[in-house]
Amino acid sequence: MASLATAEACDSNASLLASGDLRCLQPMFQIYGQCRAFSGPIVTLKVFEDNVLVRELLETRGEGRVLVIDGGGSMRCALVGGNLGQLAQNMGWAGIVVNGCIRDVDEINGCDIGVRALASHPVKSNKKGVGERHVPIHFAGTLIRDGEWLYADSDGILVSKTELSV
């Protein structure tokens, strides 16, 4: 998939920004993983301090998609660690965006995927299997829907209702 610079996408799609069909997440995420830039169709997940559903989704074929996890912004535990980062890479996911924390940063930084998260935290999450898949989520000032497109690079993260052309 061709890389799309987020700054260029904003400049050339001002009308989509104005209409809300292209949205920019607030700049609150740290950059992890080997892929500094990534994009793909979004799969949404809403959980809180529980990563059972994260693993279940990452065990499915990623096919270049991006898992966007609304973890409620919790800074008390990690939702993604090195094993899940490796799983995401092996299953063909383009990236993971977490409104929450990750752990095993050195392992995740060795994975050939893109990861964005608020911070790192050494404590693992609960394992109760509570959460919702494929639901609209709202964080970083933006509504994010399953099936929309995400574009991330060193400048930021964009969400578009449709795939943008390079």
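One is the number of the first residue shown, and numbering goes on along the chain from there.
Each residue, glycine too, has its Cβ placed from N, Cα and C.
Automated prediction, rather than curation, is the source of TrEMBL annotations.
Residues or ranges marked as substrate binding site in TrEMBL: GLY81, GLY82, ASN83, LEU84, ARG103. The Mg(2+) binding site annotation in TrEMBL covers ASP104.
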Problem - Cα-to-Cα gap, the residue listed as 'Mg(2+) binding site' vs ASN83 (substrate binding site), nearest whole Å - result: 9
Practice task
Enumerate the residues of the same chain, GLY81, GLY82, ASN83, LEU84, ARG103 excluded, that satisfy the criterion Cβ within 8 A of the mean position of the Cβ atoms of the recorded substrate site; list them in sequence order.
Solution key: ALA78, VAL80, GLY85, GLN86, ILE102, ASP104, GLU107, ILE108
Practice task
Could you say which of the binding-site residues GLY81, GLY82 has its Cβ with the most other Cβ atoms inside 10 Å?
Solution key: GLY81
Completion exercise
Filtered by Cβ under 8 Å and at least 6 apart in sequence, the residues in the chain of ASN83 (substrate binding site) near it are ASP104, GLU107
Problem - the residue listed as 'Mg(2+) binding site', number of other Cβ atoms within 10 Å - result: 21
Practice task
Could you tally the C-beta atoms, other than its own, that fall within 10 angstroms of the C-beta of LEU84 (substrate binding site)?
Solution key: 27
Fill in the blank from the handout: Long-range Cβ list for ARG103 (substrate binding site), cut-off under 8 Å, min separation 6+ in sequence, same chain only, gives ALA78, VAL80, GLY81, GLY82, SER120, HIS121, PRO122, VAL123, LYS124
